[in-house]
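Q: What Swiss-Prot shows for this protein is this:
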type     : residues               : note
BINDING  : His71, Asp104, Glu172  : Zn(2+) 1 binding site
ACT_SITE : Asp73                  : active site
BINDING  : Asp104, Glu144, His361 : Zn(2+) 2 binding site
ACT_SITE : Glu143                 : active site, proton acceptor
Amino acid sequence: MTDALSIARDLIRCPSVTPADAGALGVLENALNAAGFTCHRVTFSEPGTADVDNLYARIGSEGPHITFAGHTDVVPAGDESAWSVGAFSGEVKDGFLHGRGAVDMKGGIACSVAAVLEHLAANGGKPRGDGTGSISFLITGDEEDVSINGTIKLLKWAAERGETFDHCVLGEPSNVETLGDTIKVGRRGSQSGTLYVDGVQGHVAYPHRASNPVPDISRLIVAISDEPLDHGSAQFQASNLEFTSVDVGNKANNVIPGEARAKFNIRYNDNHTQASLRELVETRLAKACGNRIKARIVWEPSNSNVFVTKPGPFTDLAVSAIEEITGRKPELSTSGGTSDARFISSYCPVIEFGLVGQTMHQVDERVPVKDLEKLTQVYRGILTRYFG
């Protein structure tokens, strides 16, 4: 069966807890091969990480080229005894499809595959009746964890083969409360770092022989984070810097520590680049340290840069398709955390539209069967408009 519900159930029954595949990519590969796609299974490796399988499938050789992206790996089920049905049973109960990945995001992938198969069947097995156009799938098994051997490498692999993409739909659960309420058109960037403050270790009874870094790091945390980084932009909320831990590595209560450190993360908008953001924080630190406090920031490598797909013909056709099927005009949003769209945005404009995310990563993750049907129709509408 190639309807969205059947595909989603088959995918959920593959316990593909990241980074395991457990047969999930095979479900998709079989369906796409049968429809005339050329499929490539690509395995990527990195020292210290698990090897991960990925799938690239394409039909057509000309433009315009639209690609559907997603991930088949899922987070662990947690306490499976707490589930009302088996976490990997793919059971339909009271009009809902239950199972880990039903929302995030095997359900969305199933809808995109079902929509593409229906579209091809209506057009003589081709993306467009005149034989032009291309449709592809970029599917990874490495999104829920480190995201090292997944989409970022699959895109590079495809580019090295001469593949180019005009537009992408990523089927992440973008909607907040109801199907049709939100399209994600961008994401803030993410940058992490650790603040280190030097002190001099010593006995608490002789503070004059030591230098306590704890009061100093407290002052620096306030100096760095108290003033807003900005006040937002036309398409993004304000950037925010949040300290997430403070530690001195000291288990003795009679020893002044020799060093203090604090971890932080910044979510930043298009008022900043990664370089300008780091410079802003470093400037605040230097001013607060003066000539007395010795401190430094160690920045973590980051490939989560800010991006936005600006309103235009592609977002317009997506909004039109969503409004026709759901009766709602979606908000073009840049809220939320990071996704693989941050990698895709370097290759082509990308939007995120999938299911409602309320139960993702929860016990009894589930999606209304009617939402699977509607999302399939939305994707059909996008394809019809795209190749119309």
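Cβ coordinates are placed from backbone N, Cα and C, and glycine is handled just like the others.
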Q: Work through the binding-site residues one by one (His71, His361) and point out the residue whose CB has the fewest other CB atoms within 10 angstroms.
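A: Across His71, His361, these binding-site residues, the one with fewest Cβ atoms within 10 Å is His361.
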Q: Sorry to bug you, but what's the C-alpha spacing from Glu143 (active site, proton acceptor) to His71 (Zn(2+) 1 binding site), rounded to the closest Å?
A: 6
Q: Given the recorded positions Asp73, Asp104, Glu172, state which is nearest to Glu144 (Zn(2+) 2 binding site) when distance is taken between Cα atoms.
A: Asp73
Q: Are there any residues in the same chain, six or more apart in sequence, whose C-beta is under 8 angstroms from the C-beta of Glu172 (Zn(2+) 1 binding site), and if so which?
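A: The list for Glu172 (Zn(2+) 1 binding site) reads Gly70, Asp104, Met105, Gly108, Lys184, Ser339, Ala341, Glu352, Gly354, given in order along the sequence.
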Q: If you measure Asp73 (active site) to Glu143 (active site, proton acceptor) at Cα, how many Å is it?
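A: Asp73 (active site) to Glu143 (active site, proton acceptor), Cα-Cα distance: 7 Å.
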Q: Look up Glu172 (Zn(2+) 1 binding site) in the DSSP assignment and reduce it to helix, strand or coil.
A: coil
Q: Write out, in the order they occur in the sequence, the residues of the chain not among Asp104, Glu144, His361 that have a C-beta within 8 Å of the mean position of the C-beta atoms of the recorded Zn(2+) 2 site.
A: Val74, Val75, Gly101, Met105, Met360
Q: Hey, how far is Glu143 (active site, proton acceptor) from His361 (Zn(2+) 2 binding site), Cα to Cα, in Å?
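A: If we compare the Cα positions of Glu143 (active site, proton acceptor) and His361 (Zn(2+) 2 binding site), the gap is 13 Å.
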Q: Helix, strand or coil by DSSP: which one applies to His71 (Zn(2+) 1 binding site)?
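A: The residue in question, His71 (Zn(2+) 1 binding site), is strand (DSSP, three-state).
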Q: What is the Cβ neighbour count of Glu144 (Zn(2+) 2 binding site) at a 10 Å cut-off, with all protein chains included?
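A: Neighbour count, Cβ to Cβ under the 10 Å cut-off: 22.
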Q: Around Asp104 (Zn(2+) 1 binding site), how many other CB atoms lie within 10 A of its CB?
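A: Total other Cβ atoms inside 10 Å, all chains included: 26.
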Q: What other residues of this chain sit with their CB within 8 A of the center of the CB atoms of His71, Asp104, Glu172, the recorded Zn(2+) 1 site?
A: Gly70, Met105, Gly108, Glu143, Glu144, Gly171, Pro173, Ser339, Gly354, Met360
